[in-house]
Structure formats: C-alpha cells, structure tokens
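As structure tokens, the structure follows; a few thoughts come after it.
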Amino acid sequence: MDAHVAQLQMQYRNYILSLYQQGFLDDQFTELKSLQDDGSPDFVAEVLSLFFDDCVKLVGNMARALDQTGTVDFSQVGANVHQLKGSSSSVGAKRVKGLCINFKELCEAKNYEGCVRCLQQVDIEYKTLKAKLQDMFNLEKQIVQAGGIVPQVDIN
Amino acid sequence: MMEVCNCIEPQWPADELLMKYQYISDFFIAVAYFSIPLELIYFVKKSAVFPYRWVLVQFGAFIVLCGATHLINLWTFTTHSRTVALVMTTAKVLTAVVSCATALMLVHIIPDLLSVKTRELFLKNKAAELDREMGLIRTQEETGRHVRMLTHEIRSTLDRHTILKTTLVELGRTLALEECALWMPTRTGLELQLSYTLRQQHPVEYTVPIQLPVINQVFGTSRAVKISPNSPVARLRPVSGKYLLGEVVAVRVPLLHLSNFQINDWPELSTKRYALMVLMLPSDSARQWHVHELELVEVVADQVAVALSHAAILEESMRARDLLMEQNVALDIARREAETAIRARNDFLAVMNHEMRTPMHAIIALSSLLQETELTPEQRLMVETVLKSSSLLATLMNDVLDLSRLEDGSLQLELGTFNLHTLFREVLNLIKPIAVVKKLPITLNLAPDLPEFVVGDEKRLMQIILNIVGNAVKFSKQGSISVTALVTKSDNRAPPDFFVVPTGSHFYLRVKVKDLGAGINPQDIPKLFTKFAQTQSLATRSSGGSGLGLAISKRFVNLMEGNIWIESEGVGKGCTAIFDVKLGISNESKQSGIPKVPANPQHVNFAGLKVLVMDENGVSRMVTKGLLVHLGCEVATVSSSEECLRVVSHEHRVVFMDVCTPGVENYQIALRIHEKFTKRHQRPLLVALTGNTDKSTKERCMSFGLDGVLLKPVSLDNMRNVLSDLLEHRVLYEAM
C-alpha cells in the first residue's frame, strides 16, 4: 500500500515538475497552492474553475468580435485580451499569459489574420491546460483515496 | 555930431549894398550857426548812443559863440556904443577860446572817428565773408541732406538690385545727372559688365576689360576721379558730334562677396572686387563738378558698399539658417530613429529577459533530470555536453543582458546591508572546488579594520569578486592565488586620475587578487576591459567565456564609484587585479540582508484587519482575496470603482485597487477617496496593484495620492512584507 502511495506521489511530483518545465505553469501557481490551507481547502480548485469559466467567456467574446463582417473592433478584442492576461497571470497559467501578450500586440497592430490565429492558439492552450490540471487533480484524488497525502512539490 | 575920428566909419551910404549883403550874410550865418547845434542836439537826442557828448557840447558852444559873434556883428555896422563893442569883444574872446579848445579836442577825436570808419569797413568785409561761408554751409547742408536721403533710400532695402537701382535714381535726381551707370565685375573677374543704367531702359550688354588704365586709376583710390568722357566706360550712348559732353566722374564701390564671410576659407582680403559707378553731367550745360558734389558721390559710394555688404550678410545668414533648419530636421529624424531603435532594443531585451531564459532553464533542468536516469556511457557523455553547452549559453545570455542594461545606464544598484566577511568566504567556497582540482591554493586575507556589516549591492559585488578570482584561477596553471581585502585611504599606487577619500559614513574597499599564472603583456592591459576582447588565441582558450566578464565588472565597479585595474610584469610573471569600490558603513548589524523585514514581528499577524479589494477581473480578485485571507485579513471585494466608493468606510484599513485596465482612469478613485475622508487617520491606506512598476507608473501613483504600489501577480511573502511595512510606516514604495 505504501509503495503504491509512494509511486503515486512520485508520479504526481514528476507530473507537476513537467508541467512547470514545459511552461504550463509558473511561480504564481506555486503561490496559489501555498494559499490553500485548512481554512480554504479547495481554494486552488475554485480559483481555477473560475479562471476556466472566464476563459470560455472571454474567448467567446473575442471570437464574436472577430467574426464581425465589416470593421472589427480591435479595441474590444484588446480589452478582452487584457482581462485574460490579467486572469492568467493571477493563476500562473504561463503559456496562456504568453499568448495573451502576443495577442495584445497583434490587436494593437490591428493584424486580423494574426489575431484569428492567436485566438485559436489561446483556445487550444487553455483547453490543454484544463485537461492537464484535471489530470493533476485526479492524481491528487487518487493519492488521498490511497491514504496518502498530496506532497508539496518544491520546484527549484 | 559926426566928428572925424580915427575909427573906421562905415561908409553907409557909399557901400550900402556891400553893407547890406554883409548884414544879410552875417544874419544868415548867425541863424545857421544857431540852428546847427539845435539840429545836432535833436539828432543826438534821437540816437541812443553817442559817446562824444562833451565834444558836442564844446562844438555846440563854439558854434553858438560864433553865431553870437556874427549876430553881434550886425550891430557893429552902424555906430555902436561902447557896450556893444564890449559885448562883441567878449564874444570874440570867448569864441576864440572855445574854438581853440575845440580844435585841440578834435586832434584827439578825429583819429578815433577815422578808426570807427575803419572798423566799419572791416565789419563790412567780415559780414561779406560770413555771407559767403553761410552760402557754403548751406550748400553743404543741402548736400548732407541729400546724402542722408540717399542713404535712407539705399539702406531701407536689403535687396541688392533695389539698392543699386535706387542709388542711381537718387543720385541722378540730386545731382541732376544726364546719365549714371554701374559696371559690375563678371564672374571671372576679368571684365566689367554694364549692369545698371539710369536713363536707358535696356542697356546693351556691354563688357569692358578690367585692366584698362582708367579703370585701374579709379580703383586705386577711394576718391571720385574725373575721367575723360571718351573713355570706354563713359561712352554709353552713341556719340554724335554735336554734343559737348558733360564732365564725367567715376568712383569705385567695394563689393564684399559671400566667401569673405567664411572663416575657414583662405583669406581673400587682398583681392578686393570693385564695381564702377560712372556719373555724367548733362552735356552742353557747362556745369562743372564741384567739390561738394564729388564728396557726395564718394559718400554715396561708401554707403552703397555698406548696404551691399549688409545685403550679402543677410543672404548668408538666411542661407545658414535654412541649412540649420534642415540639419535640425535631419537630426530630429535621426534622434527619433535612434529612440525607436533603443525602444525596440529594450522591448527585445525585455522579451528576451523572460522568454529566452525559460527554455534555457527547461533545457538545463531536464538535462539534469536526464542525467539522473539510467544512461549508457555514450548517452551520458552526450547529456553532459548538452548541459555544459546550455550552461554556457545561459551565462552568455545573462552577461549580454546585464551589459546591455549597464550600458543603457538603466541598471541601478540594489543597495542593501550585508555581511562583507561572509561574502568573501562564500566566494571562496564557490571557487575552492575548481582551485583544488587545479591544485591552486587560495588564501584570503581580510584586514582587521574591515567593517563587517556594510551597505552596498551584495549580488553585484559578489559577481565582481567572483569574476576576478575566477579569472585568476582560469588563467593560472600553477602557483597560488591570494585574495586581500582592506580599507583604503589615498594610496599612491592608485591610478593618477583617481583619489580615494573616505567620507563620513562611507569607505573604500580595496580588493587585491594576486596570481602567479600566465600573466599579461603590459601592452594588452588596456584591451582587457573592452568587450569581447580575448588576449589568448582561440586554440589555447581552455574554458569558455564571452570575454565580457571584465567589462561587466568594470562597469559595476564604476557604478559603485570605484576603479579597477590590472598590473602585470609580463607574460609568465603572473598578474594582480585590484579594484576599489565605495561602500557604506552600516550602523546596525542586521542578521538578514533584507532591511524591509521589520525587527519586531508585531504585524506578521494581521488578524481581523479589514481590507477592501477592488478588481474588475474576477480571477485576480479571487486570488488577491485568497492571499489576504491567508494572512488573516477580513476581506471585502468590489468589482468597480463606483461600488468601491459606496462600500469603502473608515473601518477599512487598506484598499487594494487594480489599476491595470488600460484606458480607464482608475486613479481617479484614489482622489475621490481622499475627498471622502478628510481626516488623515480615518482614511484607509491606498495600494495600487499594477502590471508594471516603472518609474512613470510609480510617479503617477504618487501624484494621485496612493500610498503604495504592488506588482501583479503578488506573492504571499511580498504581500506580507508590504502590509507590515505599510501599517508601520503608512507609506511604501517598492518594486518586486
């Protein structure tokens, strides 16, 4: 039983490390995790679900704004990108944040093609992240079910 | 009765006619004699000045007496009594006396009177002379007036052609000339060309060679010269024999060319250019050139020269001004391009700063991880190479980024208090492994008066020392390395342009690193501190390095107001690297290096601290709230500035407001909160959460009355520190 827990924990640790190293997450995510305590046990999950809802909404807005026939309101798109950037940097979604930075420049340059492409990338990216984090949560659940505690992963 | 006596008997009956005539004459003489003085008196009384009254009296007396005598004579024609004879005698005697006296007086008077006459003549002459001179002066004044008018006309314009044309017109008018012409030198300077004439509308394009004797004569003097009407410069009209040509005068007009004003050209003052002005009096008028007219002409010629030079100066200055404006425009463009380039470079660096380091770290981390797994020896070798190369690349990148920022001047030292002794020991610990491998013993000597706790940029100082000591180890194959640290006063071993003066709370740290290794050729020493320069050829370079280390170290040392130099006796004789840096002496001995952590842990627990978070972004809001809740605060959240104003109360100790959203003046809310809470102790502290903490943002926040600025995303430690500092000092400005 312990070996299983140990293995799960090792798996979990490696998974988290890989997420960091592949650039999905950054230090802010660590901070977020450190805020989770007995007082707010599901803090991270709540924040993340709020974040992904936000993503859906903002991406939808941007898609609609870019879909407009006629003149595209780039300032509207830009405002949404700004929001997404803020959200993603608050949760430590590194890749999404990076994409948002590019996206913002494309909006300022009013590059329609670039914006559309970037939006698609953002869409893919946040969904990928969502899937990955879902896997992470599943691993955590498995560890707890197996009777172990979720290890604190030291990134550096 | 009629006795015959010896007295003369007037033969009255016989010479009665004679008697009668005598009688009448005497009578008239008497009348005249009596009237003359009367007249005299009358006229003298009339005239105010007559200096000779006494003479007049005498004269009057003389005349009166004479008249009396003649009057009395009237009675002597007939028989007269003795009384009459007596009176007559008395009268005569008196007359005699007076007349003699008068005669004597006149001797004195007459020369005077004569001289009066002389003086009168003299004065008349003088008056005539003055009249003549008046006439002359008047003429001169006229001339002067003409000149002034001419000058005014000429100088009222700065256009070359107008000047010349006006000159000719006015001269023609003033002097009533028949013809007036101006000959200008051609471009080649070998001929004079007829440029302007007064009467002829379209002058024939005449040229005259400049070397004519008459022209030389005129050019040789600054005075107006009379020339022959038949000379080529004066023959402007077709000559017909009837005319008796009027007199002609020519004068030179100096021309200043633009090139005279350019200082860097060879001075051409000796070869002056002149124009020739020719003036002709009307033919058949027998008028002559008067001196004052010649003077007028000379003065005008001078004025024209001055006016032309002014016009030339104006042209020149206009040209220069246009040139300057062009240059300014070009410079402006260049400056803007440079600024754009710098901005582009900075943007690039900013992106590089983060984006390029991340993959590097990923590579390094994953390679390290890979190393720890099971590998075949070949695989291990490959992984090690990957690691080494990527470490090198990471170092290279860091160096380049640091140097760029240093050169910009945008790098600022991060001052803090730290333990100097510990720093040296750490450096040595870092170097020791390599030194041991190379069998180079390292010794550290710290002077006894070296302060332990100092204020300075710990990280950069360590970088400098590491670089120097690292170089010593790198370039030594044998021998030992000694590191000495001491406090320095003014030392004559320092380079002559640098004087070390320890001030009150500062001191200069001198570090000497001596090695007995490869040494450096003294000629190469200046090149050491230049970027990318290597003293050894590529083949002998045993370890990597971009050659930037010393350049960066030098820049850091300069930032610390110090100096760095290297001494070496030659190749193979080892070298000593010495640097001085200015450090502050710390008054307190602090355990940790971060002064922001307060000594008293009172505010670590923020239990129940009421705070307000304003953020439009739901996710950020939640995260910030989570942070603050974790720290124990009681957190209220709002999502707009209106809501914030409604909700905020004096119970809230701190308000965190997000000012990231572009285009919206979130800062206004800070002002509104200031307005709402007039008493300072009731007002909550205002902290801005923003995406960048550059100087302009901080200044903006300060100007809107915010008490602090935090960079998003905020870490827990940061928030804790900020809050405690804020509550302690009520003001905080820090960057992450």
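Just so it is clear, glycine is given a Cβ too, placed from its N, Cα and C backbone atoms.
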(request) Out of B:54-73, B:654-673, let me know the one TrEMBL marks transmembrane segment. (result) B:54-73
(request) Go ahead and report the DSSP secondary structure tallies for the domain 'Response regulatory' (B:610-727): helix first, then strand, then coil. (result) 51 helix, 25 strand, 42 coil
(request) Work through the recorded positions one by one (B:H70, B:K474, B:K712) and point out the residue whose CB has the fewest other CB atoms within 10 angstroms. (result) B:K474
(message) With every protein chain in view, what's the tally of Cβ atoms within 10 Å of the Cβ of B:A472 (ADP binding site), excluding that atom itself?
(response) 27
(message) Take the binding-site residues B:A472, B:V473, B:K474 and keep those with a Cβ under 8 Å from any chain A Cβ; what remains?
(response) none
(message) Which sequence-distant residues neighbour the transmembrane segment (B:54-73)? Criterion: at least 6 residues beyond either end, Cβ under 8 Å.
(response) 26-27, 29-34, 36-37, 40-41, 44, 84, 87-88, 91-92, 94-95, 98-99, 101-102, 105-106, 109
(request) Might you list, by sequence position, any residue in that chain lying six or more from B:N471 (ADP binding site) with a Cβ less than 8 Å away from its Cβ? (result) B:G549, B:L550, B:A577
(message) Using Cβ atoms and a strict cutoff of less than 8 Å, what residues sit near the transmembrane segment (B:21-42) while being 6 or more residues removed from its termini?
(response) 56, 59-60, 63-64, 66-68, 70-71, 73-74, 77
